[in-house]
Amino acid sequence: MAVLQKSMSFSLMGTLAASCLLLIALWAQEANALPVNTRCKLEVSNFQQPYIVNRTFMLAKEASLADNNTDVRLIGEKLFRGVSAKDQCYLMKQVLNFTLEDVLLPQSDRFQPYMQEVVPFLTKLSNQLSSCHISGDDQNIQKNVRRLKETVKKLGESGEIKAIGELDLLFMSLRNACV
């Protein structure tokens, strides 16, 4: 009788272990099938440093004084049109990278001393978002970013100055979308 109980006990344990493994495997498969925004987050502390916040806003203010085109807004409601809230950080990552590469670096000799302090800060944010990807459809995001890039390029140097003048909006949009 004791031998029969032991063999049933081992059989039950084996069945239980196999069931657990099956559940874990199914859970892992389902987790892989879900669309995930990878690391599309920034720490709130990035946006709570008074010195760099001040420098970013001062740079934007100085550039906006040189901006004579008041009819165009680069970072506003149109930029987010058709983009779900969960994908807005990815959108802002794209805008940040464009701003760094195509606007701030070519204009890096202007608006000193703010530029030399703000560019490394924004580069740090860009690096923190480097693994931010979306696995879903990003058609609206790409369309909106392309429209922003085309507007800046069409305006030429004036567009670059406008983009620098909107660094305060970029800063706030990054905080709102990525924290």
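The backbone N, Cα and C atoms fix where each Cβ goes, glycine too.
Under the heading disulfide bond, Swiss-Prot lists CYS40-CYS132 (among others), citing experimental evidence as support. Take the CB of CYS40 (disulfide bond) and look out to 10 A: across all protein chains shown you find 21 other CB atoms.
There are 23 other CB atoms within 10 A of the CB of CYS178 (disulfide bond), with all protein chains counted. Annotation comment: Swiss-Prot describes CYS89-CYS178 (among others) as disulfide bond, evidence class experimental evidence.
The N-linked glycosylation site annotation in Swiss-Prot covers ASN54 (among others). Taking the Cβ of ASN54 (N-linked glycosylation site) as reference, no residue of its chain lies under 8 Å away while being at least six apart in sequence.
For ASN68 (N-linked glycosylation site), the number of other Cβ atoms no farther than 10 Å from its own Cβ, over all displayed protein chains, is 8. In this structure, ASN68 (N-linked glycosylation site) belongs to neither helix nor strand by DSSP; it is coil. Marked as N-linked glycosylation site by Swiss-Prot: ASN68 (among others).
The number of other CB atoms found within 10 A of the CB of ASN97 (N-linked glycosylation site), across every protein chain shown, is 16. As annotated by Swiss-Prot, N-linked glycosylation site applies to ASN97 (among others), with the evidence given as sequence analysis.
The signal peptide annotation in Swiss-Prot covers 1-33, and the record cites sequence analysis as its basis.
Cβ neighbour count within 10 Å across all protein chains ranks CYS89 highest among the disulfide-bonded residues CYS89, CYS132. Restricting the recorded positions CYS40, ASN97, CYS132 to those with a CA within 10 Å of the CA of CYS89 (disulfide bond) leaves CYS40, CYS132, listed by sequence position. Here CYS178 (disulfide bond) is compared against the recorded positions CYS40, ASN68, ASN97, and the shortest C-alpha distance is to CYS40.
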